[in-house]
Amino acid sequence: MCGILAVLGCSDDSQAKRVRVLELSRRLKHRGPDWSGLHQHGDNFLAHQRLAIVDPASGDQPLFNEDQSIIVTVNGEIFNHEELRKQLPNHKFRTGCDCDVIAHLYEEHGENFVDMLDGIFSFVLLDTRDNSFLVARDAIGVTSLYIGYGLDGSVWIASELKGLNDDCEHFELFPPGHLYSSKEKEFRRWYNPPWFSEAIPSAPYDPLALRQAFEKAIIKRLMTDVPFGVLLSGGLDSSLVASVTARYLADTKAAKQWGSKLHSFCVGLEGAPDLKAAREVADYIGTVHHEFQYTIQDGIDAIEDVIYHVETYDVTTIRAGTPMFLMSRKIKSLGVKMVLSGEGSDEIFAGYLYFHKAPNKEELHQETCSKIKALHKYDCLRANKSTYAWGLEARVPFLDKKFIDVAMGIDPENKMIKRDEGRIEKWVLRKAFDDEENPYLPKHILYRQKEQFSDGVGYGWIDGLKDHAAKHVTDKMMLNASNIYPFNTPNTKEAYYYRMIFERFFPQNSARLSVPGGASIACSTEKAIEWDAAWSNNLDPSGRAALGVHDSAYDDQLNKSVSKGVEPEKIIPKMEVSPLGVAILS
């Protein structure tokens, strides 16, 4: 994928404007260090910074149809491009790039082709025949995209805020699953799956169908002409991604080019839970494993860069984005340009620990729907921008459209957590891959308790961030926080510290409005806090704040509960010992 910037209808076709567009496009160069392109048609400019993954030799952008009347700049991967090419027998393609089909599909189907694309994408298409344009973003918002408006009536599109924040009067997130047509001058939702209405589904749980849908999502994402690997934290989601990838890699084109030995990557503080678990999974599935350790000071030193690149002041995004940012730099230094990652599973399968308190299947399902709809503001944004800061692409198979349809069609009663039956969080996913004859993972990894990435890299990480923020934000500053930051007022010193840095880079009102807010417990929505009255006094996005659920909850909070006579519950899933002998590293 890449970085895109478009300025449309700016009433200025001067050389000075072209130079300015080039200057702004270079702010996105980290997203695409392999090639730069700019096409101007009158007062319309389409710029592109390319990260070459498919057809690196000839897939430079912008892309065109045969007579160059249709111009496209794309940040994306179209996994079904070969199938789509077969549906366009009368068209001649200039490149082997997967995104080359977009201009030709538009010629055949007009604006109604977007749902035909199976992939992740953000694109701007300019039709020079009538000077109209079309902008679209993928279903869930895996790719990042913003839209802005100039005082001269121009429309601006950019992969990141920094491409347009200084030149637009107003800008905002481009909504995922939507397209914007200059002909209609409005947004239109193109992605309308059954689950989007939040009606309660009733399909029976079919573990084999779920497993097969996920395997297909993985296999299609092995489309690459460059070296790649998997992010492996040792948690359920990344471990399943790694296991399935390792199992099917040998039969792919990628294996013929780069070898059938999968590379895996993990990051953490010394002694972190994730490092140990990831090492064990890597040994079990046979990957070439790369382990990166960082110190709390390394992470603190990177905070400003992380906030600049990820473009948020959301606490949990920065906590998790920092180690991912550091790891991505190491991965890119090894010559790897694409990784598979495990984002999205917790939202789909009610995996966050606060779901233990869901009162019924209706509220659980509605919460999962809300979480998926908001992914583009949180985990998708983090995974996209913290990797692209170093020219590394992250693909997320759990957010495959067809897989989501299967997973979100399951009667949510099956996702309810029932400890007395051994059903812990994400039970339906764990059960689907609990294969006694041909195991995907060691049993205790398959049933490892949910650990948020910012916790799993080492419990000292969050504590270190809080201590550092306390040195820079005084009690007096906190008393005045609502006057300084009336929107999304920071309620902790850590949040205040991140907000100060963000405002320095992005001082515009539109920028601060682009970041989500609201109270949260262990990454919940504000609505879910009502599930447990005690949570309102313990608002922290860490999974360790899920008192009575997390096995390593904050010690001081546990002590308070015990002093009140409340015994924290431990989750002990019912499971059988794996028939395979697995060495547990100490």
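Residue numbering: from 1, along the chain as shown.
Glycine residues also receive a Cβ, built from the backbone N, Cα and C atoms like all the rest.
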| query | Out of ASP67, ASP98, ASP100, which does Swiss-Prot tie to the same L-glutamine site as ARG50, LEU51, ALA52, ILE53, VAL54, ASN75, GLY76, GLU77? | reply | ASP98
| query | Need a hand: Swiss-Prot gives VAL267, SER341, GLY342 for ATP, which of LEU222, LEU231, LEU232, LEU381 is also on that list? | reply | LEU231
| note | Simplified DSSP label at GLU343 (site 'Important for beta-aspartyl-AMP intermediate formation') comes out coil
| request: Compute the average pLDDT of the predicted model within the domain 'Asparagine synthetase' (193-516). | output: 95
| Protein Cβ atoms within 10 Å of GLY76 (L-glutamine binding site), excluding its own | 22
| said: On the three-state reduction of DSSP, what should I expect for ASP98 (L-glutamine binding site)? | reply: helix
| note | Taking only the CA atoms, the spacing between ASP98 (L-glutamine binding site) and GLU343 (site 'Important for beta-aspartyl-AMP intermediate formation'), expressed in whole angstrom, is 23
| remark: In three-state DSSP terms, ALA52 (L-glutamine binding site) is classed as coil
| note | recorded positions considered: CYS2, VAL54, LEU231, VAL267; fewest surrounding Cβ atoms within 10 Å belongs to VAL54
